[in-house]
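Chemist: One structure is given below, represented as structure tokens, and several questions about it will come after.
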Amino acid sequence: MPPQLSNGLNHSAKVVRGTLDSLPQAVRDFVESSAKLCQPDQIHICDGSEEENQQLLSHMEEEGVIKRLKKYDNCWLALTDPRDVARIESKTVIITQEQRDAVPIPRSGLSQLGRWMSPEDFEKAFNARFPGCMKGRTMYVIPFSMGPLGSPLSKIGIELTDSPYVVASMRIMTRMGSAVLDALGAGEFIKGLHSVGCPLPLKKPLVNNWACNPELTLIAHLPDRREIISFGSGYGGNSLLGKKCFALRMASRLAKEEGWLAEHMLILGVTNPEGQKKYFAAAFPSACGKTNLAMMNPTLPGWKVECVGDDIAWMKFDQQGNLRAINPENGFFGVAPGTSVKTNPNAIKTIQSNTIFTNVAETSDGGVYWEGIDQPLAPGIKLTSWKGTEWDPKDGEPCAHPNSRFCTPASQCPIIDPAWEAPEGVPIEGIIFGGRRPAGVPLVYEALSWQHGVFVGAAMRSEATAAAEHKGKVIMHDPFAMRPFFGYNFGKYLAHWLSMAQHPAAKLPKIFHVNWFRKDKDGRFLWPGFGENCRVLAWMFDRVQGKGGARLTPIGYVPEEAALDLRGLEAIRVSELFQVSKEFWEEEADEIHKYLEEQVNADLPYEIQSEVLALKQRISQM
């Protein structure tokens, strides 16, 4: 007779590691009801130990899911099914009773600010996917903490998954294991249920031994029930539920209810030559150099940059009115292509050990390779592409997928900030918005006020390469770099940001906007970027201290020429870098106005509407 789970359900899942008795009652109920539904063969309660990790990695190696990279210490390569390589916005939904709780209702067409699904439609979708979806597989129970264990800003989640790749990655990206269950006790937690959607025996063979079910992929967030439910994809952004699903979509909704902010932002510490230190948070859309800025090697003598986090910030005002931030993650899930000793030497040092690479190319001597790695291959070394075939540059295809990743422990970063795990967080004195803007937008400007700064975040736009090559490059709206990650109505999100100014004793950070990517008429970058960006950080540092010369323009304060330290740089065309053209900004303001009126519509806060009109007025007087 099969063993019975203690709730009397006749279910044959065998607990192969840990015991159900050791789980807090609410966690046990979640595990048992999910096991009854998904019908795994085995249940494995993760303890997070090194021994467990090595066992899982060896098991995946035997199954052909990952390959050991012999050139490095404890590094692994996973190649996915080519249909499962990225987040899928069209299949990522928020479920609420009322559509308007999840997304603003646009004037016409579809909302670009998130996707809503009704509870009724979700129930049908859920019932068509999850019953029996883990047959023949092991259900892993992953207790994890977003943020340092015991920090008042941290939150706990329990993810159930049938993917050992998810377990190994979550051990890097979060604090995971028995200590989390001890800290949880009878406390609240976010529930995550994930399945690759490939019960055994398989109906059709896997590609690259990578389990996924692209036809039925769905990533659903139920904020009222504190649940995340993901089916059909093994890719990180869809399966590591602590990342975007919890840390941004779910957390932004919790933050709204509890009076804090969950943001798509890096956190860095900047120390000047006098030894004074200030922390900044920065929001850039993807492919704008967040990780590179977070791990920068400054070129200015005497300045130091240290990294608290490269992707997500949870921020809350303390009793003294300081905006305190933690990085809720424990690792970096970085885009590999473009990462090199030149662009990001600290990332290259971080990923030499204990790292899981996904969809990069492999060298014949057991190393990794990608576009922009800037290291010539040694004679006789061949490349295997991310598709698992020998790579030839004549094929005209990249050797690594453009969204290929490294998943690596933050503690290995040579410039990790000494306070990166401080339970109280670090005090944020400046917030930076930015995007990739080839024309019209200055290198840096400072917002006129908190309210104007919130408008600057709402107006963020960035160049994205259109999927269809013939379209060329388009400038996309990406407010707060959160467009794919809002957990609730963006109009209400703006009101929440504006409300921070009402916080008693709030020391509101200064808000800045940067653009490293302005080009001249011949298409050449006007600014060298990378380590030279410390010169812009130095000006912001001075501004936060009440120093640093600035002149007023219709869009905000830009540095006076003498205030930006350009020593040692070749012929920088300062006037071109900081030019604010009436013609460009008339068009820009019209486009922003149109977007906010159409997309946010009735939920646009009055204060943001008045900022648009004030900007138009200032431009008209140029």
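Placement of Cβ uses the backbone N, Cα and C atoms for every residue, glycine included.
Taken from Swiss-Prot, the feature N6-acetyllysine applies to K70, K71, K91, K473, K521, K594. What Swiss-Prot records for R87, Y235, G236, G237, S286, N403, S404, R405 is substrate binding site, and it gives similarity to another entry as the kind of evidence. Among the features that Swiss-Prot reports, phosphoserine is placed at S90, S118, S286, with the record citing similarity to another entry. For K244, H264, D311, the entry in Swiss-Prot reads Mn(2+) binding site, with the evidence type similarity to another entry. According to Swiss-Prot, the feature GTP binding site maps to A287, C288, G289, K290, T291, N292, R405, R436, F530, G531, E532, N533, an assignment based on similarity to another entry. Annotated active site per Swiss-Prot: C288, in sequence order. Feature annotation from Swiss-Prot assigns region 'Omega-loop' to 457-487.
What's the neighbourhood like for each of these?
Modeler: K70 (N6-acetyllysine) falls within neither a helix nor a strand when secondary structure is assigned with DSSP, and so counts as coil. Counting every protein chain shown, the number of other Cβ atoms lying within 10 Å of the Cβ of K70 (N6-acetyllysine) is 10.
When secondary structure is read from DSSP and collapsed to three states, Y235 (substrate binding site) falls in the coil class. In the structure as shown, the Cβ atom of Y235 (substrate binding site) sits within 10 Å of 23 other Cβ atoms.
DSSP assigns S90 (phosphoserine) to a helix in the three-state reduction.
Spatially close to K91 (N6-acetyllysine) yet at least six residues away along the chain are T217, L218, I219, judged by Cβ distances under 8 angstroms.
Packing around S118 (phosphoserine) is summarised by its Cβ count: 14 other Cβ atoms lie within 10 angstroms of its Cβ, all protein chains included.
For K244 (Mn(2+) binding site), the Cβ neighbour count at a 10 Å cut-off comes to 24, with all displayed protein chains included.
Using a 10 Å radius centred on the Cβ of S286 (substrate binding site) and all shown protein chains, the other Cβ atoms total 16.
In the structure as shown, the Cβ atom of C288 (active site) sits within 10 Å of 22 other Cβ atoms.
In the three-state DSSP reading, C288 (active site) counts as coil.
Across the region 'Omega-loop' (457-487), mean pLDDT in this model comes to 84.
Other C-beta atoms found within 10 angstroms of the C-beta of K473 (N6-acetyllysine) number 11, with every protein chain shown included.
Around K521 (N6-acetyllysine), no same-chain residue at least 6 positions away in sequence has a Cβ under 8 Å from its Cβ. In the three-state DSSP reading, K521 (N6-acetyllysine) counts as coil.
Classification of K594 (N6-acetyllysine) by DSSP places it within a helix.
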Chemist: The record lists A287, C288, G289, K290, T291, N292, R405, R436, F530, G531, E532, N533 as binding GTP. What's the largest Cα to Cα distance among them, in Å, rounded to a whole number?
Modeler: 25
Chemist: List the recorded positions among K70, Y235, G236, T291 whose C-alpha is within 10 Å of the C-alpha of D311 (Mn(2+) binding site), in sequence order, or say none.
Modeler: T291
Chemist: Using a 10 Å cut-off between Cα atoms, which of these recorded positions sit near R405 (substrate binding site): K71, S90, G289?
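Modeler: Cα filter at 10 Å returns nothing.
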Chemist: State, in Å as a whole number, the widest CA to CA span among the substrate-binding residues R87, Y235, G236, G237, S286, N403, S404, R405 given in the record.
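Modeler: It comes out at 17 Å between the most distant Cα atoms.
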Chemist: What's the CA to CA span in angstrom from K70 (N6-acetyllysine) over to S404 (substrate binding site)?
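Modeler: Between the Cα atoms of K70 (N6-acetyllysine) and S404 (substrate binding site), the distance comes to 19 Å.
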Chemist: When you measure from the Cβ of N403 (substrate binding site), which residues in the chain that are at least 6 apart have a Cβ under 8 Å away?
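Modeler: Looking at Cβ-Cβ distances below 8 Å from N403 (substrate binding site), excluding near sequence neighbours, one finds V85, A86, V335, N359.
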Chemist: As a test of the contact definition, list every same-chain residue at least 6 positions from H264 (Mn(2+) binding site) whose Cβ is closer than 8 Å to its Cβ.
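Modeler: Spatial neighbours, sequence-distant, of H264 (Mn(2+) binding site): L248, A283, D311, I312, F480, A481, M482, F485.
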Chemist: 10 Å Cβ neighbour count around G237 (substrate binding site)?
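Modeler: I count 20 other Cβ atoms within 10 Å of it.
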